[in-house]
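Q: Have a look at the structure that comes next, please.
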2 protein chains.
Amino acid sequence: MSQTAYRTHHATEVTEDLVGERVTLAGWVDRRRDHGGVAFIDLRDNSGLVQVVINDEEMARPLRSEYVIEVEGTVRLRPEGNENDHLATGKVEVVADRIDVLAKSDALPFQVSTALENESENKLPGEDVRLKYRYLDLRRPAMQRNIKLRSDMMRAARTELDKLGFTEVETPTMIKSTPEGARDFVVPARLVPGSWYALPQSPQLLKQLLMVAGVERYYQFARCYRDEDFRADRQPEFTQLDMEMAFVDQEDVMAMAEQVIAAIWKADGYDIKLPIDRITWQDAMDKYGSDKPDLRFGNELVELTDYFKDTPFRVFQAPYVGAVLFKGGASTPRRQFDAWQDWAKQRGAKGLAYVVFAEDGELKGPVAKNLSEAERAGLKEAVGAEDGDAVFFAAGPRESSQLLLGAVRVELAERAGLLKPDEFAFTWVVDFPLFKRTDDPDDDDVAVGHSKWTSMHHPFTMPSKDWIDTFDQDPEHAMSDSYDIVCNGNEMGGGSVRIHRDDIQDRVLNVLGITPEEANDKFGFLLEAFKYGAPPHAGIALGWDRTVALLAGADSIRDVIAFPKAGGGRDPLTGAPAPISDEQRAETGVDYDPEEDD
Amino acid sequence: MSQTAYRTHHATEVTEDLVGERVTLAGWVDRRRDHGGVAFIDLRDNSGLVQVVINDEEMARPLRSEYVIEVEGTVRLRPEGNENDHLATGKVEVVADRIDVLAKSDALPFQVSTALENESENKLPGEDVRLKYRYLDLRRPAMQRNIKLRSDMMRAARTELDKLGFTEVETPTMIKSTPEGARDFVVPARLVPGSWYALPQSPQLLKQLLMVAGVERYYQFARCYRDEDFRADRQPEFTQLDMEMAFVDQEDVMAMAEQVIAAIWKADGYDIKLPIDRITWQDAMDKYGSDKPDLRFGNELVELTDYFKDTPFRVFQAPYVGAVLFKGGASTPRRQFDAWQDWAKQRGAKGLAYVVFAEDGELKGPVAKNLSEAERAGLKEAVGAEDGDAVFFAAGPRESSQLLLGAVRVELAERAGLLKPDEFAFTWVVDFPLFKRTDDPDDDDVAVGHSKWTSMHHPFTMPSKDWIDTFDQDPEHAMSDSYDIVCNGNEMGGGSVRIHRDDIQDRVLNVLGITPEEANDKFGFLLEAFKYGAPPHAGIALGWDRTVALLAGADSIRDVIAFPKAGGGRDPLTGAPAPISDEQRAETGVDYDPEEDD
């Protein structure tokens, strides 16, 4: 497999077994050291490193970092004492008798050498520089690992899906705009001037059509597109592992997805205990202040609404009061508590109330003096604190207060170093509401209809069995058959049972305030398809960039994407997006005027 | 794997082993027959058919074609004499005691029943109707097979590429416009008003960057886009199996590709003999009048330029005269020969000269009388004909004449029924010219530069070793290190050794008439990357839709794509492309006027 026109072996195949044999290698000059007239080259290829010894000064002279060379030579054991235990090839070296320079390298904008990887001198430049020279950034071993891991994970997922009887189907990416809550990227259609394709936000409707088509088990690593304002960890195009099954219910899909997730993690050596635990959406909010709770640590929120039901403290006279424990927080300096206030305000809260249980048993902090005697006396027990701890409070509307406490909980864990990237705490979140209010300030999706209700997931989500007959009478409390898979506080994916009957679909659209005309215009083809024998079906999709980043322990999804975009959708490498020529513009048909041309 | 909330077994799992057992099945009513108060339903699912017997008229009454039902019942042997040998489940049937209608179906626009598949009553409607109801069209067993085969082929290719050490890498699809000879689809960039992304015609430059990045062996099933005028067997978006390797030469890539192709064909039970034969581009043109010769049959062109060098016949006083034998063609009626003239004129030729070797030994046909006595006498031997044959001639410029004869050759074979879809004749075509003339009338690509030369493949193709120093002095004769893989007269794919040195790349661009400024503007990032140690690299891509269509024996690539576009890029199913709202248009930024906004 290694043997090509340029090499007999990869670097890491050069082991003691080959001592005395001639080999030809090809790769990059990772590092060069000179010692007593002898040059030592770390030759790097896709597999790793091997040391090359060059006794001939003439031969060694031209070689610089990142030159591409072909080396012919003889393998020998390194002199005693010179072995490198950190290297797979550390017992041997190749004594070169021919070196061809296949390509030279200018001085590098930043160092990529393996040897420097964990040393402080290997200070990476800013991300724009890394992206501009992405082909160099990707040479770094950490990035090589990420790219390789992503490929391995895809293989593992596919192998498992194959075992489970899935068919891989590619769906088109130049489609009709569909209503999924974000802005579409659009493509002018030259052959139909004035008309546009949309790039898919997901293959949602197409995969549902595949179920109507009798494919029964479909999957695809699907490219998806959302034209959203730039946020740190979003990309305008992204990949999802998209799956859909016919003749199944929620349990079937969850069991299938667990098999796939376990196979993916197994590809990197991790065993995930199945079945994965479940938590209801309501419990997740109550206990962790999040619909994607990080369960690598405990420290559940404590609800104190009842506890403070007769409080004299105006702030706590609220529909919800809750707290989160700051273990050992009593010794925190005042200015750090002030910083917490700023942190909370940046998140849109008014502030962050707290009390301190001093080591001497005294209750301190700005809130303490506002509480009644009885409230002060019982508080430590009510929140499960001990002397030396502190407690943060939130009071106000239930959901936003819980979300604030949930964020505090994660921030505390982060600062305490509890968030280990190589520990994985999975959970299913289930029993979601079917709808949510369109005026929810914490929500970044665009409502698809004109009512005060929008879909919690999307308009094609099936109401749960108990609510089939009544969801439109009580949209606030109606529940859906949907499920999110959460890992370490990230929503890795989610799915639902889909509506497969046009009567139910019509009623859901009615709640969303989508008129039959709009529905027909936007996805009439799906409603039409449901008239010809649509099987019950359900599915799930994993956000693949996030899933890879989680397993890779990468801070950003950009570290697991070969060529990601920078802020604003720019590509510092190629300069995209860019102006187009007048001729090109004319051809797109965007300036087509039907009156003029008719 | 079959067991879900709706079924215990798939249809074809119901065999004699289950006689006496209770099963629950789910699927579509493929066909219903009634006989003596008993209803017989062919229940169809993804696996196939099984017969369901319903003794209860009440239970049977509502069931119609394509209803989705869940059936619970007991498996029994069919009564003796009622077995169906054509069916895997033909020895058994399921006696139903519960049937739930999961979804109804309106009357169908066309029949999809398995039973009708090969019967004349199953007349398929026009393609626009099939595409409008694609979810029904895909239920037909022939289409189910195609979709499944495509998935199986992808798995086979991936498994082989994995063995060969390849890494799957996804490359972006919102990129900078690159020069590959066709029109780009473009996407307005809202966040950079007035700027546009292009959808990739191929990941060519990105995969070359991955080589510079040290990935060494890359593959991807890549979505590609070309905004071309509609032609019968083109799609605006299509898939290619894209592969690239570093530190390899042409032989390495061809050997790798052969392994992959053999594995793909093996997935459908075919053994391909390796290595695959090779033919030079010149030989392919000379012998078969095509750069993608169909080698399922012989009947090579015969060059007669020398033979007619002193001819009195003006038409044959040409730089090239050639012929192709029409075996047994002497008995062809005159009006059919006239139809051949029309056929040739439709292809842009002036006509199609021919002679007939009558059974009585006489030389007939319009051309015969124009030839000299000697020419007439020796002709039969010169073209290898026998009495009873006919011969078609072409005379004129070498290449266009050969292409005409090549088309005649294939048309003759087609009419003679020699083109068997389940026979596969592979060949490599090698030794291509590096450049071709921009004024070639048979070429549909757009020249990328401003000279009379354009690339035969693309501007990143390496000149062959013999021509490295001189290709720019003699562009007409310069050869390249490139190769096409051809099957049954179709170009299944092609590739080349790439230029990895910026000096050679500069010289090629110069021949193409691309100025350094243009080069820098369009793909300066690639030239820049070559400055930092680019390894020698080469690759290949298979047109995946065509490859699947070949193995599936499908007439059109549209039969192996789940949701293809119709003519003009229209999608009869969803109505794409479609107008967008004024608000959406405003958001795209296409009407951005820098002077107005500054």
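Residue numbering: from 1, along the chain as shown.
Including glycine, each Cβ sits where the backbone N, Cα and C put it.
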Q: In TrEMBL, the ATP site includes B:Arg226, B:Asp227, B:Glu228, B:Glu491, B:Gly543, B:Trp544, B:Asp545, B:Arg546. Which of B:Gln220, B:Gln235 does it also list there?
A: B:Gln235
Q: Where the distance is taken from Cα to Cα, which of the binding-site residues B:Arg226, B:His457, B:Trp544 turns out closest to B:Gly81 (site 'Important for tRNA non-discrimination')?
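A: So, spelling it out, the nearest of the binding-site residues is B:Trp544.
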Q: Three-state secondary structure of B:Gly81 (site 'Important for tRNA non-discrimination') from DSSP?
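A: DSSP assigns B:Gly81 (site 'Important for tRNA non-discrimination') to coil.
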Q: Of B:His35, B:His457, B:Arg498, which is closest to B:Glu228 (ATP binding site) if I measure between C-alpha atoms? They're all recorded positions.
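A: Closest recorded candidate to B:Glu228 (ATP binding site) by Cα: B:His457.
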Q: Restricting to the chain of B:Arg546 (ATP binding site) and a gap of 6 or more, list residues whose Cβ falls under 8 Å of its Cβ, or answer none.
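A: In sequence order, the residues whose Cβ lies under 8 Å from that of B:Arg546 (ATP binding site) (at least 6 apart) are B:Asn490, B:Glu491, B:Met492, B:Ile557.
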Q: Look at the binding-site residues B:His457, B:Arg498 and tell me which residue has the greatest number of other C-beta atoms within 10 angstroms of its C-beta.
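A: The residue with the densest Cβ neighbourhood is B:Arg498.
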Q: Once near-sequence residues are set aside, which residues in the chain of B:Trp544 (ATP binding site), 6 or more away, have Cβ atoms under 8 Å from its Cβ?
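A: Counting only residues 6 or more apart in sequence, the Cβ neighbours of B:Trp544 (ATP binding site) under 8 Å are B:Phe221, B:Phe238, B:Thr239, B:Gln240, B:Leu241.
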Q: Would you give the longest CA-CA distance, in whole angstrom, between residues of B:Arg226, B:Asp227, B:Glu228, B:Gln235, B:Glu491, B:Gly543, B:Trp544, B:Asp545, B:Arg546, the set recorded as binding ATP?
A: 20
Q: Which whole number is the mean pLDDT over the region 'Aspartate' (B:204-207)?
A: 96
Q: For B:Glu228 (ATP binding site), which DSSP three-state class applies?
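A: Where B:Glu228 (ATP binding site) sits, the three-state DSSP reduction gives coil.
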Q: With H, G and I counted as helix, E and B as strand and the rest as coil, say where DSSP puts B:His457 (L-aspartate binding site).
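A: Where B:His457 (L-aspartate binding site) sits, the three-state DSSP reduction gives coil.
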Q: Which residue among the recorded positions B:His35, B:Arg226 has the fewest other Cβ atoms within 10 Å of its Cβ, if you could check?
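A: Across B:His35, B:Arg226, these recorded positions, the one with fewest Cβ atoms within 10 Å is B:His35.
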Q: Using DSSP, tally how many residues of the region 'Aspartate' (B:204-207) sit in helix, strand and coil.
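A: Breakdown, helix to coil: 4 helix, 0 strand, 0 coil.
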